[in-house]
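Please read the structure below before turning to the comments.
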């Protein structure tokens with residue numbers, strides 16, 4: 001369950017971005033200001049708002065320690081602030097003086113990346129506040145960026161639809177057309193995933209765009225072959241351009257916000273929708289998860305910031321809860337299967353399964369013979385690993401037999417209101433009352449006369465049945 005716990009309405013124009021530290025939430029707006037709130041009670045810090053930009057502020061971000069805050073603006077600058085007192089530490093002017101659309105700190109806080117409308121990107125040294133490296137995307141404006149967890153590379157997204165991977169010296173390592181109508185946002189999960197027998201370490205990335213799509217990607221490095229990028233799956237749900245996406249701290253959820261005014265929370269392992277939030281009245285511009293608490297912030301052109309609280313325990317493998325309905329493995333699409341393979345360290349099978357149109361039903365019907373003869377998987381170790389994972393899915397789908405002592409001896413159905421009769425056996429109350437009302441005075445179990453017609457509630461058995469039912473729901 002996701003609950004709206006607070007709405008911030010201090011900005012006078014569209015709220016363009018938000019960012020969490022461990023203790024604060026920062027927001028920025030087209031009203032030229034940056035505001036910072038305490039996570040304890042969502043009150044604004046006393047030195048606010050921060051007024052240093054002369055035009056609209058497009059993006060804000062905290063350093064990993066939370067001690068420094070950066071913001072960037074149409075005025076062509078990235079401003080670095082001390083988050084403790086709001087003091088300006090540096091005003092960094094983009095060499096081209098082009099409007100700066102996005103900024104991000106490297107994981108070690110030593111660099112600040114600033115990307116501009118003319119496609120230029122700059123890495124600033126945050127110790128000396130001097131230019132460290134610069135570059136340019138191939139085409140279009142630079143509108144999105146994200147660092148890898150280890151800081152060895154970063155990714156940029158352009159208004160022409162390209163995703164570009166750069167090393168920490170701003171050398172272009174890889175470029176791919178990702179969204180036909182332009183990229184709007186990208187994020188890299190802070191939790192890498194291992195790559196099975198081949199031993200690769202995969203970085204999981206999300207991107208979204210004007211094509212209404214959200215894509216999950218895998219990035220990895222191979223000796224002598226360089227960096228590789230593979231689309232893991234495409235997530236659906238939005239009916240208009242998607243403007244924002246962000247991973248939860250543990251990488252298990254992805255949130256997206258759209259021109260359709262909706263916020264969708266996806267489960268990354270399966271790609272299915274966990275929650276849809278529709279409280280904003282205009283375009284959703286950004287979304288951000290708090291790093292170490294169950295909080296989510298969403299911003300909008302309706303000039304508000306919504307703070308949500310959610311329960312991480314509602315997610316379970318193979319199913320997603322939305323409006324109290326369940327989506328079973330049998331109903332998985334091919335993209336769901338691809339996401340599941342990646343979550344099981346079986347990413348090498350993604351392309352093979354897509355080529356063979358393996359959806360949830362097909363997945364559950366795979367056998368040793370079909371893996372060998374139809375899918376041509378030669379490695380015995382990989383076949384056995386895959387079969388083991390599929391068998392685990394099948395076991396989850398098998399109905400758990402009801403313990404015999406929970407069944408009414410008369411109806412052979414699960415008891416809701418068990419009672420103890422004079423013969424010492426427990427029955428469903430309604431069934432036993434019907435038995436007695438038909439002038440039967442014998443035990444349904446022994447056929448011997450009942451010494452008494454008294455029925456006593458069996459509260460211990462009722463509690464045991466309730467507990468068993470609850471366990472089956474998890």
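Just so you know, glycine gets a Cβ as well, placed from its N, Cα and C.
Remember, TrEMBL labels are computer predictions, not curated facts.
Bear in mind that the values here come from a model prediction, so they are computed numbers and not experimental data.
What TrEMBL says about this protein:
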type	residues	note
REPEAT	50-81	repeat 'WD'
REPEAT	93-134	repeat 'WD'
REPEAT	146-167	repeat 'WD'
REPEAT	235-276	repeat 'WD'
REPEAT	277-311	repeat 'WD'
DOMAIN	332-396	domain 'SAM'
DOMAIN	401-474	domain 'U-box'
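Sequence-remote contacts of a segment are chain residues at least 6 beyond its ends whose Cβ falls under 8 Å from one of its Cβ atoms, and for the repeat 'WD' (93-134) they are 55, 58-65, 68, 70-78, 80, 140-151, 154, 156, 158, 166, 168-170. Assigned with DSSP, the residues of the domain 'SAM' (332-396) fall into helix, strand and coil as follows: 48 helix, 0 strand, 17 coil. Residues in the repeat 'WD' (50-81) partition by DSSP class (helix H, G, I; strand E, B; coil) as 0 helix, 19 strand, 13 coil.
For the repeat 'WD' (93-134), the number of residues in each DSSP class (helix H, G, I; strand E, B; coil) is 0 helix, 24 strand, 18 coil. Mean pLDDT, taken over the repeat 'WD' (146-167), works out to 95 on the 0 to 100 scale. When DSSP labels each residue, the repeat 'WD' (235-276) comes out as 0 helix, 22 strand, 20 coil, counted as helix, strand and coil in that order.
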